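Everything on this sheet refers to the single structure shown next.
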Amino acid sequence: MPNTVPDPTSVRRRKPFLTPSTGVSSDSDADTISNSDSIKPKLVTVNAAATKLQLHESKKLHSYHKRVHSRRTQFSARVSPLSEPNTSLRGFITFFWMGIGWYSVFTLHRSFMENGEFVRPQFLKLLGHDAQTLAIADAVLVLSCGTCVLIQGAVKHGFVGRRVASIGGHVWLVGWFVGFMMWILRKDWRWTQTGYLTLHCIAMLMKQHSYLASNSELFWKRDVLSGMVDEIRELEESKDSPVSSNASTLRRGSLSSLETDDLTVEAKVVLLKAEADSIKAELKGKWNGVEFPNNITVANFVDYMLVPTLVYELSYPRTEKFNPSAFLERVGYTFISFFLLCTTVDQYILPILHETHKMDFFTTVIYLIMPFMVCFMMIFFIVFECICNAFAELTCFADREFYQDWWNSSTFDEYARRWNKPVHEFLLRHVYLESISTLHSSKQNATLLTFFVSSVFHELAITMIGKRVRPWLFGFQMFQIPLIWLARLEFMKRRRWFG
């Protein structure tokens, strides 16, 4: 029975192991790395023995090159649930804003009747405290992030190696972050200024880490691609050697060791070319075609700093043009929502906090639950619906799904994935998947590490604001892990209403 060797070009048209345009989910990444059954290639139509040999070789080759998998985020042109034109929540949103409007009228009327003024600007005075120093510090914080471009530019132009730049980048991030945190602690600021600059510093830390880690990985993949090209050339030259020619003459008889070696070389060449094509696609921007490392420029970094995402990519989906009316609409929503937030804090939170020494704990909680819920909704709307969409419109960023329907979540892991997509994507890509691929952690340990990192940052923000360590928030957030396990029990799955 004659053996048929496939045309390499026809094989490459099939889906490779590591498609660059496919994002990686938290469950599929480890399975893709470990489960070799999902990568069985149909390379040649030969007898059963030859097919088995090639399958064994493809498994070994994939195991050898499994580190070249992609952790790219799936960006696409999307809108946020509350901004979708045909959303089923349109009536509810209208009703919500009508309620907020009457709530504002009631609050202003109550303030005028009790104090003789519509607004008591206590919260605004807190925000305006030492505003000039805050603005200068915020500008220095943002401008100092440009050091990342210098680090990656040094690698691009060959001044330093990739490993040296990686170590230097980590040293810079640790020194930069610790330095700002120590400076904020020494400032005699109110909790508003401290909280804002701490959260902004954490966000910029995530952006810098993603920029350095992503470009470092792309430099490594470029080196891997160069090695693959050399390996393909050597294998193709070995096929043309006299030994390979002698092997070809034996194909009409029974399978021999020479024939097996020749089939293995063919399989290696096809698989290596598929892997090389996959890496080449990853080294090129999906949306604008920019090729790595031509992306390492000041203009590209400035654009990345303005784009409302915490993970770096060579390119992002863009809208056709800037829409001034949509941008001004988001700015207007921001000011209106911020006014409502300040009014709620001034009228319903600060007076209670000033009188806590006269009330018991239970009464204080009862009085503060509703105002805090309103503030949570206002802050969520300001950050994810107003500010993120405003920056998205300013940069023509098309992927505006900054959150999903977290209000329909019945488990803590669903809520964590849906309510804050930018932070979720960062933790998924740079903590969860990174620990699986680099540290070879199990999915359970990677999940534990992800929750730990998230809890540390949340606790840090509270510690900086209160200037004291009270790890209640850290403990409650880590307590979500057993609650997630509990929600996955069959008893709980059948009673989602309980979640």
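A Cβ is built for glycine as well, from the same backbone N, Cα and C atoms used for every other residue.
Sequence-distant neighbours of H458 (active site): residues of the same chain at least 6 apart with a C-beta under 8 Å from its C-beta are L473, F474, Q477. Positions annotated as active site by TrEMBL: H458.
The feature compositional bias 'Polar residues' is assigned by TrEMBL to 19-33.
For 1-33, the entry in TrEMBL reads region 'Disordered'.
Look at TrEMBL and you will find 92-112 (among others) tagged as transmembrane segment.
Residues of the same chain lying 6 or more positions beyond the ends of the transmembrane segment (133-155) and with a Cβ under 8 Å from any Cβ of it are 161-162, 165, 168-169, 172, 176, 180, 183, 187, 189, 193, 196-197, 200-201, 204, 207-208, 211-212, 215-216, 219, 293, 296-298, 301, 305. Marked as transmembrane segment by TrEMBL: 133-155 (among others).
Counting same-chain residues at least six beyond the ends of the transmembrane segment (167-185), those with a Cβ under 8 angstroms from any Cβ of the stretch are 137, 141, 144, 147-148, 151, 160, 194, 197-198, 201, 205, 208-209, 212, 216, 460, 464, 467. The transmembrane segment feature in TrEMBL is assigned to 167-185 (among others).
According to TrEMBL, the transmembrane segment annotation covers 331-349 (among others).
Residues or ranges marked as transmembrane segment by TrEMBL: 361-384 (among others). Using a Cβ-Cβ cut-off under 8 Å and counting only residues 6 or more beyond its ends in the same chain, the transmembrane segment (361-384) has close neighbours at 80, 103, 333-334, 337-338, 340-341, 344-345, 348-349, 352, 402-403, 419-420.
Beyond the transmembrane segment (331-349), the same-chain residues lying 6 or more positions past its ends with a Cβ under 8 Å from any Cβ of the stretch are 100, 103-104, 107-108, 110-111, 119-124, 127, 367-368, 370-372, 374-375, 378-379, 381-382, 385-387, 390.
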